[in-house]
2 protein chains.
Amino acid sequence: MDEGYHVAILGATGAVGTRILAQLAQSTIPVKSLKLLASARSVGQTRQFKGQVIPIEEAKPTSFDGVDLVLASAGGQLAGELLPEAVKRGAVAVDNSSYWRMDPKVPLVVPEVNPEALADHHGIIANPNCSTIQMVVGLEPLHKAYGLKQVIVSTYQAASGAGQRAWDELLQQAQQHLNGESQTAEILPTKGDKKHYPLAFNLLPQIDTFQDDGYTYEEQKMMQETKKIMFGDPTSTQVKVTATAVRVPVPVGHGESVYVTVADESATRADVQRLLAAAPGVVLEDDPANQVYPQPLNAVDKRETFVGRVRADIENPGSFNMWVVSDNLLKGAAWNTVQIAEELAKRDLIHSQV
Amino acid sequence: MDEGYHVAILGATGAVGTRILAQLAQSTIPVKSLKLLASARSVGQTRQFKGQVIPIEEAKPTSFDGVDLVLASAGGQLAGELLPEAVKRGAVAVDNSSYWRMDPKVPLVVPEVNPEALADHHGIIANPNCSTIQMVVGLEPLHKAYGLKQVIVSTYQAASGAGQRAWDELLQQAQQHLNGESQTAEILPTKGDKKHYPLAFNLLPQIDTFQDDGYTYEEQKMMQETKKIMFGDPTSTQVKVTATAVRVPVPVGHGESVYVTVADESATRADVQRLLAAAPGVVLEDDPANQVYPQPLNAVDKRETFVGRVRADIENPGSFNMWVVSDNLLKGAAWNTVQIAEELAKRDLIHSQV
């Protein structure tokens with residue numbers, strides 16, 4: 001592959017797809033050719049890549065003929081249908097949807113945490129849930145140093161995590177509210193459920209649909225994916241994880257209040273800050289005296305995960321509170337996808353699995 | 001006091017003061033006369049109370065001559081200066097500021113939780129911090145039934161908790177953002193600190209100023225006040241409490257993600273829901289199948305605390321996640337203040353302490 005890879009982006013016109021295109025243009029991946037695939041209704045549009053104008057093509061099984069690498073963000077249904085077709089044709093696919101994540105044959109990868117899992121791929125690699133990615137980037141340095149015991153997370157998730165239309169809806173609702181009009185809601189909290197509520201100037205403690213135990217699928221994803229990424233098994237009992245996921249009226253940038261307990265009770269706040277400052281993919285923003293802490297507005301368009309507000313739980317040695325923010329469309333989606341592809345290329349793992 | 005009380009509202013023109021006036025008008029407290037006190041710059045204004053037009057007077061020590069009951073929301077400095085003057089003149093004062101809360105002679109009261117503490121007052125009763133009040137209303141039924149062991153809370157606090165000007169600033173910033181203008185910030189995250197950041201479409205993990213251990217005073221208040229209200233002592237070791245306080249772009253209505261561990265490990269999700277449904281001051285909104293859960297927009301102008309999203313931590317018997325929402329200006333301030341006064345009247349505790 002001296003001359004590079006034939007690459008396809010599936011779902012190239014969405015909020016994440018357009019960012020995959022931009023991240024790919026800035027990546028170290030040598031691109032020999034690029035196909036942009038989307039649904040039939042986007043055909044006729046074009047996108048630019050490194051000065052070249054590329055037409056949007058309708059995604060079909062035969063679209064993947066001759067393709068080496070697929071970067072996909074087209075939702076679970078299309079990922080389930082089309083990615084096996086791509087693999088059958090010799091491609092390796094990195095997928096953003098939740099469809100393949102719990103498949104034992106599919107590595108679920110955050111390059112700062114478990115790049116070695118890529119070696120076992122069978123053609124499909126899954127990109128984790130946005131809120132999981134930024135959390136494990138912040139947890140991994142503590143786990144390496146002290147051993148992770150328990151995680152209790154409350155999320156503050158941006159509207160764009162539900163797609164471009166949810167993002168647009170938030171801005172429209174905000175203007176309606178400021179005009180003194182009643183707010184219209186057709187998408188949020190989630191397209192997949194029956195009722196819709198305004199998010200602007202409000203909080204919606206529902207992301208994705210509900211399970212019988214009262215947790216949402218988003219919360220379940222955070223619990224299972226954290227275990228699969230950090231311990232190789234979504235049902236691992238080596239760590240306990242529980243989550244509450246809340247949508248907040250922010251366009252881009254997820255916040256997370258993370259309570260973490262490590263095995264080594266001698267760990268101090270200063271130790272944790274030092275570890276985070278040195279960790280890959282992490283920017284420590286933790287200077288209370290100068291009011292420096294992570295904020296979504298400052299994280300937009302950045303690839304890093306920002307961690308701050310590190311505090312020891314005075315009553316529980318080995319337990320810490322911290323505040324984690326990242327651009328959910330970049331590290332939470334497009335950048336992590338392209339970063340996985342960079343790792344695959346570096347490790348020479350982009351080969352036909354047929 | 002057959003004919004009622006001579007009442008004064010201190011700080012009558014603020015976001016909380018105007019709501020104390022409205023709550024008092026709907027309360028069971030017999031009001032013989034009402035004085036509205038504020039700073040000199042509000043003199044000349046009037047307010048209505050039960051059809052009567054009442055002028056705003058400048059607050060001075062002599063304002064409290066002949067007053068039986070003071071309802072105060074004028075900030076810590078004025079509370080420190082003026083309320084002892086009121087008590088000296090025979091009044092009983094309920095104060096909203098944090099100034100008196102940790103004084104061992106001052107009861108800190110949430111009527112659903114510790115009304116019996118009122119009996120020990122020496123003239124001043126403190127109203128707790130807004131985010132503490134709604135949390136303890138939700139925790140008390142679990143504590144009574146099972147015994148409380150640990151609380152880990154992450155807050156989603158509305159702009160109005162920082163006052164009317166912060167609320168106005170949020171709306172102005174939102175319009176600036178929607179117009180594509182840069183956002184101006186002069187108040188938030190807190191008037192008491194040097195730097196100011198936009199809250200609209202953002203998250204600010206700072207409420208009040210910072211201590212040396214990295215916690216904000218808001219977070220410390222939640223830890224200490226919870227212990228004083230529920231266990232009679234702000235340093236009680238009977239329960240562990242830790243908090244992360246975050247300001248969110250919502251005008252009114254605080255949200256809280258509360259992780260609670262009780263001593264009885266046999267407690268089930270259904271038990272907890274049943275207890276909350278029957279608890280005073282609580283409305284259980286917990287029907288995931290019909291997407292029913294607490295939202296700030298629905299809690300505005302309500303006196304109750306709304307609790308939902310109750311879930312058992314599958315990996316930790318006796319631990320539960322729940323989501324708590326209340327109007328921070330009513331139960332978190334004005335209503336709790338008037339409710340304390342109703343309790344004082346009911347228990348015949350409005351007497352001169354001189």
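Yeah, the Cβs are placed from backbone N, Cα and C, and that goes for glycine too.
Remember, TrEMBL labels are computer predictions, not curated facts.
Per TrEMBL, the NADP(+) site holds B:T13, B:G14, B:A15, B:V16, B:R41, B:S42, B:S160, B:G161; the candidate it also names there, chosen from B:N328, B:N336, is B:N328. Sequence-distant neighbours of B:R101 (phosphate binding site): residues of the same chain at least 6 apart with a C-beta under 8 Å from its C-beta are B:L108, B:A126, B:P128, B:N129, B:K221, B:E225, B:K228.
Listed in sequence order, B:Q157, B:A158, B:A159, B:G161, B:A162, B:L188, B:P189, B:L199, B:L203, B:L204, B:P205, B:Q206, B:I207 are the same-chain residues six or more apart from B:R247 (substrate binding site) with CB atoms under 8 A from its CB. When DSSP labels each residue, the domain 'Semialdehyde dehydrogenase NAD-binding' (B:6-121) comes out as 37 helix, 35 strand, 44 coil, counted as helix, strand and coil in that order. Each residue contributes its Cα atom, and for B:T13 (NADP(+) binding site) and B:C130 (active site, acyl-thioester intermediate) these two points are 19 Å apart. Less than 8 angstroms from the CB of B:A15 (NADP(+) binding site) sit B:S160, B:G163, B:Q164, B:W167, B:L329, each of them six or more residues away in the same chain.
Comparing the Cα of B:C130 (active site, acyl-thioester intermediate) with the Cα of every entry in B:R41, B:H254, B:N328, these being the recorded positions, the smallest distance points to B:N328.
The distance from the Cα of B:H254 (active site, proton acceptor) to the Cα of B:N328 (NADP(+) binding site) comes to 6 Å.
In this structure, the binding-site residues B:T13, B:Q157, B:S160, B:N328 were compared by how many other Cβ atoms lie within 10 Å of their Cβ, and the smallest count belongs to B:T13.
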